[in-house]
Amino acid sequence: MNKLISLIRVLFKSEYTFNIGKSQSKIKSYIIKLLFILISIAFMILIGKAISNLYDILEVMNQEGLILELGIYISCFIVIFFSLFNIITIFCYSTDIEHLLPLPIKSYLLFISKLLIVLTYQYLIQAIILIPFITVYGFKCNAGFSYWIYSVLIYFFIPILPVIIISIIPIFAMQFIPFVKNKDLYKIFVGIFSIILTLGLQVFFKLSSEISLTQIIDLMNAKDNSFINLTKMFFPTTKLAIISLMNYDNSKGILALLIYLGVSIAILFLFILIGNKIYIKSITSLSEINSKKKHLSKKHYEKKIVLNSKFFSLIKREFTMLFRTPDYLMNCIFPIILYPIFIVTLIFRDGFDKIIFLLRFDLISEYIVLFGCCFILFQAGTSITSSTSISREGKEVYILKYIPVAYKTIIYSKLFTSFIIGLLPLVFMTITLIFLQCSFLTFLLFLIPSILATLFSTQLGLLIDINNPKLNWKSEQQAIKWNFNIILNTLFCFLLSCLLGYFLFNMHLSAVHYSLILTILFILFNIIIFRILINVFKKYNFNI
């Protein structure tokens with residue numbers, strides 16, 4: 001037991017640590033942790049208010065139990081979605097496996113510790129979604145003490161079945177499917193699958209919106225919370241959890257709870273028993289990437305060598321790193337591909353003829369310029385390429401200080417790369433405005449400040465990452481997923497876009513004035529932050 005606890009503690013620090021480096025004081029680390037907690041609480045409060053309003057509507061229809069059903073089933077789907085990358089990385093692709101296998105640790109301890117680490121991550125995500133549902137339902141119906149006891153037990157058991165379902169696929173598939181053993185190919189496959197799944201859901205909800213609404217109304221008018229009969233096919237055991245919470249004050253509830261806990265524990269032990277035997281065999285046959293030896297002649301070798309400037313060589317290096325590393329490709333590049341999907345879905349919704357009419361005759365040009373620029377600023381802030389520019393270097397960051405290249409050239413190359421990727425949302429927005437037949441003047445007034453806003457967000461993200469890079473990571477996913485710099489950059493750009501939108505909107509100016517003010521502001525912001533960026537990078541020593 002002591003070995004298991006020690007192993008879990010080590011793995012947890014290795015897998016789930018934000019970029020709170022040694023160079024920071026304890027006060028700063030506490031501030032970052034507190035900020036993260038406050039953001040999570042604020043998000044939970046917003047969800048709770050929406051659920052409270054929904055409860056009042058459902059209570060009139062005698063369907064208040066739907067709140068618990070929605071919360072539990074949404075939580076299960078969220079766990080499955082976030083587990084696609086998380087499970088395979090922790091179980092199979094983490095670099096700590098190479099150090100743990102030779103140690104005198106029994107295989108089942110390693111397997112259980114990895115499983116508990118995955119569950120811990122899902123508990124944190126589930127808390128933001130599920131707790132508001134359970135809390136609102138409990139207070140609204142004046143639930144007794146036994147309801148809260150049931151809720152705590154169910155909260156810890158809900159992620160078990162989804163995690164096991166997702167874990168079975170990679171762990172067992174590695175024994176039979178060759179490409180799953182290849183780390184890079186598998187991550188790219190999962191990324192493409194996620195995009196196809198997102199597109200499929202968009203098309204499904206668009207085509208079946210009217211049918212789904214009719215079904216929901218019919219089911220709401222039925223008695224005894226008939227939605228259980230519709231959703232039980234997805235997660236059969238969670239139906240027992242819903243029944244136990246809705247009948248917490250009678251024997252039916254405690255019987256359903258005991259069956260649910262018993263079945264979950266049995267499935268968990270069966271998974272540990274079978275998975276442990278296959279897990280060690282699977283991870284010992286993994287590979288990063290398959291390569292073939294190829295002998296080049298002198299003529300071919302000379303063709304491969306191309307003389308480039310230092311600046312373009314560094315840019316090529318940045319793009320190569322982004323496109324050849326699956327974790328960077330999935331998180332820095334692929335999310336931006338989703339923008340045209342959502343835009344196309346939005347364009348073909350009903351009522352867009354009115355927007356086309358307003359744009360064609362410049363009736364809402366001032367709002368397009370103001371809120372369009374604020375939207376681009378926020379979207380550029382969510383791009384994680386700039387806010388992980390230094391963190392992606394990892395422990396090899398010291399090379400940047402020793403290569404015979406001026407520090408300004410390094411800064412320019414990272415800025416240029418991040419800026420080009422950050423411009424993609426603006427490109428998609430531009431295509432949308434052209435499709436909607438926006439006038440050329442409105443388009444030009446929107447484009448100029450939006451480009452400057454993207455440049456500002458790019459410089460801000462790079463400045464944040466230089467001051468506090470996450471260099472000690474075990475896998476590329478840690479440099480992306482557990483990097484607090486991304487949240488800081490997104491939060492700052494979001495607040496700035498809200499402030500600019502609020503104050504300028506209350507001035508009631510024309511599109512030309514909005515564009516002029518935003519252009520001047522972002523020119524000043526860019527000049528100031530660029531000077532700070534150069535000075536900070538020149539003086540900064542990266543502590544690994």
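Cβ atoms are placed via backbone N, Cα and C, with glycine included.
Note that the coordinates shown come from a computational prediction; the quantities given were computed from them, not determined experimentally.
Within its own chain, the transmembrane segment (30-51) is flanked in space by residues 18, 20, 67, 71, 127-129, 131-133, 135-136, 484, 487, 491, which lie at least six positions past its ends and keep a Cβ under 8 Å from the stretch. The transmembrane segment annotation in TrEMBL covers 30-51 (among others).
Sequence annotations record features per position, and here TrEMBL assigns transmembrane segment to 71-94 (among others).
Residues 8, 11-12, 15-16, 40, 43-45, 47-48, 51-52, 55, 64, 67-68, 70-72, 74-75, 78-79, 82-83, 86-87, 90-91, 147-148, 151, 155-156, 158-160, 162-163, 167, 245, 272 of the same chain, all 6+ positions outside the transmembrane segment (115-139), place their C-beta atoms under 8 angstroms from a C-beta of that stretch. What TrEMBL lists as transmembrane segment is 115-139 (among others).
As annotated by TrEMBL, transmembrane segment applies to 145-173 (among others).
Annotated transmembrane segment per TrEMBL: 185-205 (among others), in sequence order.
The transmembrane segment annotation in TrEMBL covers 254-274 (among others).
Feature annotation from TrEMBL assigns transmembrane segment to 328-348 (among others).
Here the transmembrane segment (368-390) has Cβ contacts under 8 Å with residues 322, 331-332, 336, 359, 397, 414-415, 417-419, 421-422, 425-426, 429, 433, 438, 442, 445-446, 449-450, 453-454, 456-462, 464-466, 469-471, 479-480, 483, 485-486, 488-490, 492-494, 496-498, 500-501, 504-505, 511, 514-515, 518, 542 of the same chain, all six or more residues outside its ends. As annotated by TrEMBL, transmembrane segment applies to 368-390 (among others).
According to TrEMBL, the feature transmembrane segment maps to 411-435 (among others).
According to TrEMBL, the transmembrane segment annotation covers 441-464 (among others). Same-chain residues lying 6 or more positions outside the transmembrane segment (441-464) and placing a CB less than 8 Å from one of its CB atoms are 359, 362, 365, 368-369, 372-373, 376-377, 380-381, 383-387, 389-390, 411, 414-415, 418-419, 422-423, 426, 429-430, 433-434, 485, 488-489, 492-493, 511-512, 514-515, 518-519, 522-523, 525-526, 529-530, 532-533, 536.
Long-range contacts of the transmembrane segment (484-505) within its own chain (CB-CB distance under 8 A, at least 6 residues past either end) are made by residues 18-20, 32, 36, 39, 370-371, 373-375, 377-378, 380-382, 384, 386-388, 391, 457, 460-461, 464-465, 468-470, 514, 517-518, 521. Residues or ranges marked as transmembrane segment by TrEMBL: 484-505 (among others).
Long-range contacts of the transmembrane segment (511-534) within the same chain, counting only residues at least 6 positions beyond its ends with a Cβ under 8 Å from a Cβ of the stretch, are 362, 365-366, 368-370, 373, 407-408, 411, 441-442, 445-446, 448-449, 452-453, 455-456, 459-460, 462-463, 466, 500, 504. As annotated by TrEMBL, transmembrane segment applies to 511-534 (among others).
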